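Engineer: Once you've had a glance at the structure underneath, I'll fire off some questions.
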Amino acid sequence: MKGMREKTLKSLEFDKIVKLIANECDSELGREKVFDIEIKKDLKAIEFELDLLNEAVKFIYSYGDISFSFQDIREHVKKAQIDYILYNRELLGIKNFLSLVEEVKAHFKSLYDREDFLLLKEFDKRLVPLKSLKEKIENTVISEDEISDEASPVLKAIRRQKASINEKIKSTLNSIISTRQKELQEPIITMRQGRYVVPVKQEYRNVFKGIIHDQSSTGATLFIEPIQVVDLNNELRELELKEQKEIERILFELSQEVKKNAEAIFKDVEVVSELDFLFAKARYSIKIKASRPELNTSGYVNLKKARHPLIDPEKVVPIDIHIGREFTTLVITGPNTGGKTVTLKTVGLLTLMAMAGINIPAEEKSQISIFEDVFVDIGDEQSIEQSLSTFSSHMTNIVSILKKVNKNSLVLLDELGAGTDPLEGSALAMSILDFLHRTGCRTIATTHYSELKQYALKTKGVENASVEFDVETLRPTYRLIIGIPGRSNAFEISRRLGLSEEIIENAKSYMSGEAIRFEDVIKDVEEKRKDLENAYQEVERLKKEVEVLKEELEKEKRKLESQKDKILKEAKEKAREIIKEAKQTAEEVIKRIKEAEEKEKNKDRAIQEIREKIKKNLEELEEEVLKPKEFSYGKIPDSLKAGQTVYIVPLDQNGIVLSPPDASGNVEVQAGILKMTVHISNLRVKEEQEQEEVKKGYSRFINEKAKSISPSLDVRGMTLDDALLEVEKYIDDAYLAGLNQVTIIHGRGTGVLRTGIAKFLRNSKYVKSFRLGRYGEGGDGVTIVELHSR
């Protein structure tokens, strides 16, 4: 910690804040940076730190937190710079750090198109990923004890040879064990001094040929390398030496790669350490629900709902305090343990936090001034719960403060003038406040001397404040009230505790009349303040209720507007879909007609002749039914029924009514091969005497239709779309033909056709009911459809 005297930092417990932030760090280097935090005096520098901090806070809220955990690898890199060989553990540490750099870069990718993370983007630019070096280490070093076979072709070949010789040795030893069990203590293979041996009984030492490498503690067992594997063991040992030499060569090469990238690694370490420090501040800010302070250099402090960050959040009482505009000196009076010292420490600590680029636990838009120095007299190494100050230690400290203070200082004095005779102490306190007031610095002092209350009332630029005390509960509320001096409350407290009224009245007689009147005035002002505050709170409550109601009404209005827009939009979309579907259906029909015609051309002559004959008959029928001789048309019809012939005005064509008009006046009409819906206003009916002739023509048409309609339709093997087209046409024809019941054969299969057809039938206005076939009708492979009567 630097930038402020140590006594101030400790008295205000800033060192504890630093430790809490350090606990949020992931790396040792990040913690080092926290403990090296600086209390800055330059406004731009502090604003920059706060900008950076609040980008980190926003990043955590937007994208989640990042871990910056890594070990300090700087010493490893320095060793590589002087051509030392780095071994597995050191290289793995470097590899892990380089992986972290890549992870951080990946986290910051989401910021590339964001304009509100400019400072974090600069960190991203400073980070240099060393992917090639990371992959080389990754492909070489498997663990702290193992190098990969793939590290080099030479190493791979050596290890292959080793494996082969190991197999030979074990095979030979297994053969010895199986044939000479009597001479062995146990049928096992073990190792001594890097060579394969077997445990031989002492009495067979001269019989069992080989080299003795060890013996048991009792001497009963000798560990002998059989003569048959001595050469193989020698060869294995040579390969192990070659392997070690190759590994050292590989590690040296990797160390040289680290050396080449040393500067980039050092820079990355610095950037990641800074980020760890920054995100630790951000985590702490989120944890204490802090906000960014507004800074100034005019000496103005205005804290709203400020909380001391070291007090339990469940117990801390937020305070509102301001100084530096209407007054530059604030005298806080009130009972001991009432929260006066906490108020001093809160102002001082939050000022230091802001100057260190740390968010403060207060409401947004709280204001903090940047001071050249912060002077504190709150006892020697005092904590909030404990006071060890004496008059002499107070005065020594105050003398030092008075020598150094200037107009750009913040001075915090606890229990000014305490520890000596009250008359002399209060006189000294007023004189010290006079001196500080003349320098123009910002001073907050606490006291329980009533003389200082009167001094504050009489002196321009000096203001009283008090810590509220609840006489009912005999407890301080810890709320700070600016503008009203505190009362001792001694008489009220004594009365509540049971002291007789006689003694209390007698005590008052020892006080001067002026002192009693002063206390009564304070009491009266305090009561009126409480009444006003209660009234204000009621007004605020009502205002909030009105705001809530207003917001609810606005929300309801927006909801209705949104629903209106949504309904209109959905209607337009539905219309577009209907038009699109109609076009697609028309195109599909045209396509099918063309395909059918194309197929017709390829049929033999006999079918062609039949087709021509049918066509001729249909044309004659159409001429007779749908295109009769010129008739005179009357007015728009009042009502229509199925079977009537009508003139369709927009098409200049006759058509047959398929169903009566619906509630909206829309009529379903058949014109040639096309079926359409037309509004009744676009239809005309024939004269009465000619209508009968048309009806006869229509009847002949229906009779012809009935003859050609089969009582069943087979759609097996078709796709659902094709089947639905066939079913729709079939149902229309069957209804026109006057059939009461038809059968649709769809087969069992997967059930897709059955389900799709059932859905269509459910929505068809011609269908009265439908069901699956019963036994003897085709079962669930068919659907029996009952049609409405025409």
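Cβ from N, Cα, C; glycine included.
If you look up Swiss-Prot, you'll see Gly334, Pro335, Asn336, Thr337, Gly338, Gly339, Lys340, Thr341 marked as ATP binding site, on the strength of sequence analysis. Taken from Swiss-Prot, the feature domain 'Smr' applies to 713-788, supported by sequence analysis.
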Engineer: Taking DSSP as the reference, which of helix, strand or coil describes Lys340 (ATP binding site)?
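Structural biologist: In three-state terms, Lys340 (ATP binding site) counts as helix.
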Engineer: Indicate whether Gly334 (ATP binding site) is helix, strand or coil by DSSP.
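Structural biologist: It is coil.
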Engineer: With DSSP helix as H/G/I and strand as E/B, how many residues of the domain 'Smr' (713-788) fall in helix, strand and coil?
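Structural biologist: For the domain 'Smr' (713-788), the helix, strand and coil counts are 32 helix, 19 strand, 25 coil.
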Engineer: Gly334 (ATP binding site) has how many other Cβ neighbours within 10 Å of its own Cβ?
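Structural biologist: Gly334 (ATP binding site): 26 neighbouring Cβ atoms within 10 Å.
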Engineer: Determine the Cβ neighbour count for Thr341 (ATP binding site): the number of other Cβ atoms within 10 Å of its Cβ.
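Structural biologist: For Thr341 (ATP binding site), the count of other Cβ atoms within 10 Å is 23.
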Engineer: What average pLDDT is reported by the model for the domain 'Smr' (713-788)?
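Structural biologist: Here the predicted model's pLDDT, averaged over the domain 'Smr' (713-788), is 87.
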Engineer: Give the number of CB atoms, excluding that of Gly339 (ATP binding site) itself, located within 10 Å of its CB.
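Structural biologist: Here the count is 24.
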Engineer: Among all the protein chains here, how many other CB atoms are within 10 A of the CB of Lys340 (ATP binding site)?
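Structural biologist: So the number of other Cβ atoms within 10 Å of Lys340 (ATP binding site) is 27.
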